[in-house]
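If you look up TrEMBL, you'll see A:27-140 marked as domain 'PurM-like N-terminal'. Feature annotation from TrEMBL assigns Mg(2+) 3 binding site to A:ASP29, A:ASP75, A:ASP227. Annotation source TrEMBL lists Mg(2+) 4 binding site at A:ASP29, A:THR44, A:ASP75. According to TrEMBL, the Mg(2+) 1 binding site annotation covers A:THR45, A:ASP46, A:ASP123. The annotation Mg(2+) 2 binding site is assigned in TrEMBL to A:ASP46, A:ASP75. Annotated substrate binding site per TrEMBL: A:HIS53, A:GLU277, A:PHE333, in sequence order. The ATP binding site annotation in TrEMBL covers A:TYR105, A:GLY122, A:ASP123, A:ARG148, A:SER229. According to TrEMBL, the feature domain 'PurM-like C-terminal' maps to A:152-315. What TrEMBL lists as Mg(2+) 5 binding site is A:ASP230.
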Protein chains: 2
Amino acid sequence: MSQLVKDLGEKALLERLQQFCLPEVVGDDAAVIATQPGKSLVVTTDMLVDGVHFSDRTTSAEDAGWRAAAANLSDLAAMGASPLGITIALGIPGDTSITWIEQLYQGITQCLQKFATAVIGGDVCRSSVKTIAITAFGEVHSEYTIRRSTAQVGDAIVVTGVHGASRAGLELLLQPESRQKLSSSAQKKLIQAHQRPQPRLDVLPVLWEVICQTANTNAHIHVAGMDSSDGLADAVLQICQMSQVGARVERSFIPLPDELKNWSFQQALDWALYGGEDFELVLCLPPDLAQVLVERLGNGAAIVGEITDDSEVYLVDYTGKNPDEVLSFKRGFQHF
Amino acid sequence: MSQLVKDLGEKALLERLQQFCLPEVVGDDAAVIATQPGKSLVVTTDMLVDGVHFSDRTTSAEDAGWRAAAANLSDLAAMGASPLGITIALGIPGDTSITWIEQLYQGITQCLQKFATAVIGGDVCRSSVKTIAITAFGEVHSEYTIRRSTAQVGDAIVVTGVHGASRAGLELLLQPESRQKLSSSAQKKLIQAHQRPQPRLDVLPVLWEVICQTANTNAHIHVAGMDSSDGLADAVLQICQMSQVGARVERSFIPLPDELKNWSFQQALDWALYGGEDFELVLCLPPDLAQVLVERLGNGAAIVGEITDDSEVYLVDYTGKNPDEVLSFKRGFQHF
């Protein structure tokens with residue numbers, strides 16, 4: 001009998017399928033193909049399924065649309081690319097209301113408009129389950145492509161903003177009694193973080209400016225990185241695995257939203273590391289550039305650790321109160 | 001109560017959704033965005049759902065993969081574009097066999113390899129129904145972009161090969177008793193046409209060569225066209241609607257596969273006009289160029305009619321035996 005997907009698991013399945021892909025495009029947030037001298041096309045695709053990735057119980061059609069668009073734009077940002085447009089393929093049951101579909105598209109286009117891009121094509125077909133497949137493409141100056149595989153020992157690890165807010169917002173939606181801890185404005189902020197995440201395309205021009213103004217050698221600066229859509233821990237682990245390096249992440253340096261002070265530090269840290277969907281960028285670059293970058297970005301941007309020649313990623317505590325902890329993919333999200 | 005998709009129908013739904021798209025990309029086989037002077041990126045997307053577009057009952061996973069890839073490459077060919085790559089988003093139930101998935105990818109990559117392109121990215125997620133969303137992108141010299149909207153009165157209508165073979169192949173699969181009419185090699189050829197359709201990317205270099213060598217003015221030649229994936233009638237109707245012209249299609253000029261002689265002419269003509277999935281190109285260009293093009297292409301390529309200033313598309317019979325017939329979208333395929 002043939003092996004089943006649920007027995008193999010997602011990671012192993014993706015590894016099997018890589019044999020069918022161009023080897024040079026495997027392993028990043030998006031695929032990169034050179035189109036003209038000095039420029040590359042960046043392409044990323046995502047499929048979202050009703051009941052798996054969104055549900056009318058917790059997410060309005062408009063929010064589902066926004067988040068789908070945001071996730072794809074975040075993948076482009078994670079590669080250093082500016083968006084050119086997206087396509088939407090939509091599978092829907094015949095008894096879907098037109099209002100639902102229009103609200104979905106409204107959410108998608110609201111997000112795209114904020115980042116000056118647009119829907120440029122699509123397909124609609126019948127399906128027994130609502131399914132949204134988005135493909136986003138962008139353009140990057142080839143030498144500015146951000147990859148997971150180029151982190152170097154000694155690089156500082158920068159996060160472009162606070163982590164854990166999206167997961168906390170989900171908690172407020174799923175467990176309404178947890179809202180009592182918070183003012184209504186704090187509730188709104190966290191729920192907003194979950195429902196209307198902001199892809200960090202705004203980071204890119206700041207990053208390139210910092211590199212051009214600050215880099216004091218002619219040596220080319222490779223910025224390594226990805227987005228934290230599957231959690232901060234996953235992002236650091238992925239980068240280290242692809243770059244064949246280790247890392248030390250200082251627990252007290254991880255920027256948490258002020259609103260999370262009403263939960264235990266351990267809970268907040270857990271959401272920051274494993275909650276996912278914060279859509280910040282996790283970038284590895286030389287410490288002097290990293291310092292300038294976090295100052296320019298503000299709003300929670302921080303250096304959270306450094307790339308090492310270890311074989312592991314450690315969560316450390318400079319006060320010595322907590323022993324070093326080895327981070328692993330095991331706590332991450334598996335789709336099957 | 002909100003209106004439902006099944007009440008509105010596909011065409012009206014697509015019209016509603018166009019308000020969310022860039023207006024300049026609506027109405028062709030694929031979207032076109034200018035990337036650098038003189039070149040454009042062409043993007044097309046398709047979603048296929050188990051039980052709607054393919055089924056293990058009639059289609060192996062490998063054939064489903066081939067056809068999905070071929071349909072997308074055909075959309076690129078229909079725009080005049082050479083493929084750069086495709087992405088695949090796959091939704092699958094946990095009890096899907098790994099063999100099925102690998103065979104699907106095998107079919108996809110076999111087709112891509114034949115046309116010198118590759119899978120450059122993807123996503124895999126859990127779904128209650130097997131769903132394949134493919135996005136293909138290609139590149140075209142902007143002035144060679146083939147659009148539906150540029151057909152001109154007096155243009156000849158060229159089809160690049162025979163029509164009806166794919167639908168006849170489906171008939172042999174669904175009604176095995178119909179196979180008795182045919183030799184085994186004829187059966188194989190028709191079934192092959194259905195299971196392994198060939199996108200006509202090979203037409204493009206021939207077309208550009210004919211234009212460059214034959215066009216005897218400096219005026220730029222606009223080739224209008226699309227593919228015949230939804231049937232030859234649909235293709236001519238779409239082109240005429242977008243170009244605001246009419247057409248006369250001569251029934252005896254429509255090239256039919258030799259194997260269809262064992263069915264009535266009316267049946268064969270019906271499959272050619274409405275069967276779909278032949279993935280030939282339907283091109284409108286000046287008669288002198290059209291004549292050279294069909295001679296160079298051979299293999300069933302033919303001039304089937306001409307663009308007129310009528311408001312309708314007529315199917316005509318030069319022998320006078322059959323009265324003129326007005327073709328309409330009503331007989332075409334509606335997904336809801």
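Using the three backbone atoms N, Cα and C, a Cβ is placed for every residue, glycine included.
Unlike curated records, TrEMBL annotations are generated automatically.
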State the count of C-beta atoms found within 10 angstroms of the C-beta of A:ASP29 (Mg(2+) 3 binding site), not counting that atom itself.
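Result for A:ASP29 (Mg(2+) 3 binding site): 26 neighbouring Cβ atoms inside 10 Å.
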Can you check what DSSP calls A:ASP75 (Mg(2+) 3 binding site), collapsed to helix, strand or coil?
helix
Across the domain 'PurM-like C-terminal' (A:152-315), what is the average pLDDT of the model, as a whole number?
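Mean model confidence (pLDDT) across the domain 'PurM-like C-terminal' (A:152-315) is 94.
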Find, for the listed binding-site residues A:THR44, A:ASP230, A:GLU277, the residue with the lowest Cβ contact count at a 10 Å cut-off, counting only other Cβ atoms.
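Comparing Cβ neighbours within 10 Å for the binding-site residues A:THR44, A:ASP230, A:GLU277, A:ASP230 has the fewest.
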Which of A:THR44, A:TYR105, A:GLU277 (binding-site residues) reach within a Cβ distance of under 8 Å of chain B?
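Contact set vs B: A:THR44, A:TYR105.
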Starting from the Cα of A:GLU277 (substrate binding site), work out which of the binding-site residues (A:GLY122, A:ASP227, A:SER229, A:ASP230) are within 10 Å.
A:ASP227, A:SER229, A:ASP230
Reduce the DSSP letter at A:THR44 (Mg(2+) 4 binding site) to three states and note it down.
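Going by the DSSP assignment, A:THR44 (Mg(2+) 4 binding site) falls within a strand, counted as strand.
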Given a 10 Å Cβ-Cβ cut-off, pick out the one of the binding-site residues A:ASP46, A:ASP75, A:ASP123, A:ASP227 that has the most other Cβ atoms nearby.
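By the 10 Å Cβ neighbour count, A:ASP75 comes out on top.
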Within 10 Å of A:ASP29 (Mg(2+) 3 binding site) (Cα to Cα), which of the binding-site residues A:HIS53, A:TYR105, A:GLY122, A:ASP123, A:ASP230 do you find?
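Cα within 10 Å of A:ASP29 (Mg(2+) 3 binding site): none.
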Relative to the Cβ position of A:ARG148 (ATP binding site), how many further Cβ atoms are located within 10 Å?
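Taking every protein chain into account, the count is 22.
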At the level of the C-alpha atoms, what whole-angstrom distance separates A:ASP227 (Mg(2+) 3 binding site) and A:ARG148 (ATP binding site)?
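A Cα-Cα distance of 10 Å.
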Kindly assign A:ASP227 (Mg(2+) 3 binding site) to one of the three DSSP-derived states: helix, strand or coil.
strand
Write out, in the order they occur in the sequence, the residues of the chain not among A:ASP29, A:ASP75, A:ASP227 that have a C-beta within 8 Å of the mean position of the C-beta atoms of the recorded Mg(2+) 3 site.
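Other same-chain residues near the Mg(2+) 3 site: A:ASP28, A:ALA30, A:THR44, A:ALA71, A:SER74, A:LEU76, A:ALA77, A:ALA78, A:MET79, A:MET226, A:SER229.
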Suppose we draw a 10 Å sphere around the Cβ of A:HIS53 (substrate binding site). How many other Cβ atoms does it contain, all chains included?
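Step by step: centre on the Cβ of A:HIS53 (substrate binding site), count other Cβ atoms within 10 Å, giving 20.
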How many neighbouring Cβ atoms, not counting its own, are there within 10 Å of the Cβ of A:GLY122 (ATP binding site)?
27
List, in sequence order, those binding-site residues among A:HIS53, A:ASP75, A:TYR105, A:ARG148, A:SER229 whose Cα sits within 10 Å of the Cα of A:ASP123 (Mg(2+) 1 binding site).
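The binding-site residues close to A:ASP123 (Mg(2+) 1 binding site) (Cα within 10 Å) - there are none.
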By CA distance, which of the binding-site residues (A:HIS53, A:TYR105, A:GLY122) lies nearest to A:THR44 (Mg(2+) 4 binding site)?
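Closest by Cα: A:GLY122.
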